[in-house]
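I have placed the structure first, in the form of structure tokens, so that the comments after it can refer back to it.
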Amino acid sequence: MMKGISSVSQSINYNPYIEFNRPQLQISTVNPNPAQSRFSRPRSLRVLSLSADPSANRNPKSAVDAHAPPLVVVGSANADIYVEIERLPKEGETISAKTGQTLAGGKGANQAACGAKLMYPTYFVGRLGEDAHGKLIAEALGDDGCGVHLDYVRSVNNEPTGHAVVMLQSDGQNSIIIVGGANMKAWPEIMSDDDLEIVRNAGIVLLQREIPDSINIQVAKAVKKAGVPVILDVGGMDTPIPNELLDSIDILSPNETELSRLTGMPTETFEQISQAVAKCHKLGVKQVLVKLGSKGSALFIQGEKPIQQSIIPAAQVVDTTGAGDTFTAAFAVAMVEGKSHEECLRFAAAAASLCVQVKGAIPSMPDRKSVLKLLKFSI
């Protein structure tokens, strides 16, 4: 069994109240006032000066007061099996890859890794298999890796860790095939109070669509009731998003392809993107954060003028895997730190620019010092 991660055998019915090991921070670190109810949220977010020099902070893992409500990511964790190829194979064709390796990834794990590497207190709620891929992910995310708190990650012995085949082409673009594994099949029907407690006490929550919609709905409803902002990254399943989920989120974050799929509308021009976003507004989503790849990003707030952000050019594009996750997580970190919308977009753009310059998803996530340095020299 992996260190710091509880094991759940599913040869019998899953018990959502099963005890699990918590060797690290307890939930009390989320609530700076022990006199408050375990489910009450701090009324204010205490953020320290965000020094570009991590050594200037009391906690080398965090640039923010440890009592600040954390970023909580509920989602997927995958082992990304990379194969570098010159081009995609044609139907019936077999081609040779230049190289191959396995790295930790998955949209949820990527976003959690990014939050922690940006030195904001970050918790990950997810499911792994008891296998080599699960161990790889736990080591990449945990104290010896990115510094993500894994108190709410559970492992199961009858489902494999989720994995993905990433076909990386010579121009840095990629195509991905995902096997859900534990991400899709190891969750309980009803989320435990323990798992919901951490999201109720969060400063902000990130969701994606690589885990069951039923889990996202339970989390989003609990978060909405607690008054915690939640961002839903559209990446993952290509099925329609349930209205129950849309009704409980604050920000919907698709890329332009996902926006087109979601609305059934073209998204080739900014005008078309704006029209597609208007359809999302009619579905009840007031804020839509659209990732536009090489064209940058845009935040659409219902009733307001869109806020556009150009890309911050990368010295070289090595691998775009994880760039969208980096952008979303960096935006969330800036948002929970109280930055303006414009500052959030720029901070996220800088993080994404650094991400695409390194191969792999989690290995490419930038640290705060690098992001601040890029922002300083790209004004």
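Quick reminder: no glycine exception, Cβ is built from N, Cα and C everywhere.
The substrate binding site feature in Swiss-Prot is assigned to ASN78, ALA79, ASP80, GLY106, LYS107, GLY108, ALA109, ASN110, GLU210, ASP325. DSSP classifies ALA109 (substrate binding site) as helix under the three-state reduction.
Under 8 Å, Cβ to Cβ, and six or more positions away along its own chain, ASP325 (ATP binding site) finds LYS107, ASN110, GLN111, CYS114, ASP233, GLY235, ALA361. Marked as ATP binding site by Swiss-Prot on the basis of sequence analysis: ASN255, LYS291, LEU292, GLY293, SER294, LYS295, GLY296, GLY324, ASP325.
Feature annotation from Swiss-Prot assigns K(+) binding site to ASP319, THR321, CYS355, VAL358, GLY360, SER364. A helical conformation is recorded for SER364 (K(+) binding site) in the three-state DSSP classification. Long-range neighbours of SER364 (K(+) binding site) (same chain, six or more residues apart, CB within less than 8 Å of its CB): ASP319, THR321, GLY322, THR326, LEU354, CYS355, VAL356, GLN357, VAL358.
Per Swiss-Prot, the feature active site, proton acceptor maps to ASP325.
Of the recorded residues, ASP80 (substrate binding site) and GLY360 (K(+) binding site) place their C-alpha atoms 8 Å from one another. Counted within 10 Å of its Cβ, the other Cβ atoms near LEU292 (ATP binding site) come to 18, all protein chains included. Largest CA to CA distance in the ATP binding set (ASN255, LYS291, LEU292, GLY293, SER294, LYS295, GLY296, GLY324, ASP325): 16 Å, whole number. Take ASN78, ALA79, ASP80, GLY106, LYS107, GLY108, ALA109, ASN110, GLU210, ASP325, the residues named in the record as contacts for substrate: the widest Cα to Cα gap among them comes to 15 Å.
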